[in-house]
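*Asks:* This structure is in structure tokens; I'll ask about it shortly.
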Amino acid sequence: MAKVLINGYGSIGKRVADAVSMQKDMEVIGVTKTRPNFEADMAVQKGYDLYSAVEGRESLFEEKGIDIQGNIFDIIEEADIVVDCAPGGIGKDNIENIYKKYNKKAIVQGGEKAPFVEDSFNSLWSYDRCYGKNIIRAVSCNTTGLCRTLYAINSTTDILKARVVLIRRGADPNDAKRGPINAIVPNPPTVPSHHGPDVGTVIPEFKDKIITSAIIVPTTLMHMHSLMVETTGTTKDDVIDAIEKTPRIFTVSAENGLDSTATIIEYARDIGRPRYDLWEIPVWEESVNVVDNEIFLMQAVHQESDVIPENIDCIRSMLKMEEDNIKSIEMTNKAMGILK
């Protein structure tokens with residue numbers, strides 16, 4: 001039973017904690033927060049042992065009546081691996097100041113830069129490369145979504161180049177500080193955006209084949225991607241078939257009422273998903289088209305949750321718990337109730 005410490009019980013951390021708890025071969029030994037808020041209180045209510053992420057802040061939790069077990073240095077020795085879910089940029093400091101110092105394996109999230117880790121993880125593409133490694137980055141929600149779709153396409157034809165426009169949500173639903181409220185913002189205003197090179201850290205052979213551009217729009221529910229992928233030749237039916245055969249990606253039909261990110265989120269609610277999480281990538285079947293060997297399709301990405309199962313598989317890879325990535329994917333999917 002792998003002992004997992006979650007450093008940062010926020011949007012990603014609380015989801016990773018719940019996902020770890022669902023597995024038969026791993027357990028959460030503790031979660032951390034930097035300050036006492038409702039999430040810290042909820043962690044304790046859910047039965048997680050709570051630790052301060054910052055040494056010396058334990059009294060702040062005690063003053064708020066939140067049961068605190070100590071700080072991260074009181075628990076880290078017991079961990080086999082740490083899943084770092086701190087805000088972007090903090091993970092780099094934690095690698096140097098905590099994980100390397102205590103000789104602990106750690107997974108950081110996509111907000112960290114690739115040069116600070118040994119490799120970038122995706123369950124389909126880089127499980128074998130990350131096997132037994134010490135410091136790995138689980139790539140961002142957008143990169144995860146693109147990697148899954150490109151895997152499906154690559155399984156049925158050779159990819160010559162990919163062009164992707166990312167329509168990004170302005171903020172997460174719980175974030176009242178970000179925006180925009182009444183604007184469409186090129187982010188970044190330069191092309192390419194960082195998303196293409198990030199895909200290249202997972203799939204080195206695509207490094208010079210993918211170019212991305214990104215904009216932010218006033219919505220909170222999901223991102224959207226519009227892909228244009230030039231190939232050596234395929235058909236619409238072959239692409240759809242490849243999508244249906246690839247784990248954690250599936251087709252949805254606008255004709256059936258799933259015609260927007262709003263209705264997709266409603267679908268996630270209706271099937272009983274916690275926090276309406278959609279761990280899979282939905283691709284609109286009607287959007288799939290092939291013109292002169294170029295594939296066109298549109299997909300949605302639930303930014304709060306699609307990376308969660310990847311973190312679970314990454315734990316197994318780094319701790320050498322399972323050699324076969326497909327077996328790990330199947331274990332994770334079954335435990336979490338992922339559609340396929």
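FYI, residue positions are counted from 1 along the chain as it appears here.
Backbone N, Cα and C atoms are what each Cβ position is placed from, and that goes for glycine too.
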*Asks:* Starting from the NAD(+) binding annotation in Swiss-Prot that includes SER11, ILE12, ARG169, GLN303, which of GLY70, GLY111, GLY233 is the extra site residue?
*Replies:* GLY111
*Asks:* Determine the Cβ neighbour count for GLN303 (NAD(+) binding site): the number of other Cβ atoms within 10 Å of its Cβ.
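*Replies:* Result for GLN303 (NAD(+) binding site): 22 other Cβ atoms within 10 Å.
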*Asks:* Provide, as an integer number of angstrom, the distance between the C-alpha atoms of GLY196 (D-glyceraldehyde 3-phosphate binding site) and SER11 (NAD(+) binding site).
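*Replies:* A Cα-Cα distance of 24 Å.
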*Asks:* Check the DSSP secondary structure of GLY111 (NAD(+) binding site), expressed as helix, strand or coil.
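*Replies:* Going by the DSSP assignment, GLY111 (NAD(+) binding site) belongs to neither helix nor strand, so it counts as coil.
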*Asks:* May I ask for the distance between ASN142 (D-glyceraldehyde 3-phosphate binding site) and GLN303 (NAD(+) binding site), taken between their Cα atoms and rounded to an integer number of Å?
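*Replies:* Per the Cα atoms, ASN142 (D-glyceraldehyde 3-phosphate binding site) and GLN303 (NAD(+) binding site) stand 7 Å apart.
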*Asks:* Based on Cα coordinates, which of the following binding-site residues are within 10 Å of CYS141 (active site, nucleophile): SER11, ARG169, GLN303?
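*Replies:* So the list reads GLN303.
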*Asks:* Which one of these binding-site residues has the most other Cβ atoms within 10 Å of its own Cβ: SER11, SER140, ASN142?
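*Replies:* Per the Cβ count within 10 Å, the most buried is ASN142.
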*Asks:* Within its own chain, what residues at least 6 apart in sequence put their Cβ under 8 Å from the Cβ of GLY111 (NAD(+) binding site), listed in sequence order?
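*Replies:* Sequence-distant Cβ neighbours: PRO87, GLY88, GLY89, GLY91, SER140.
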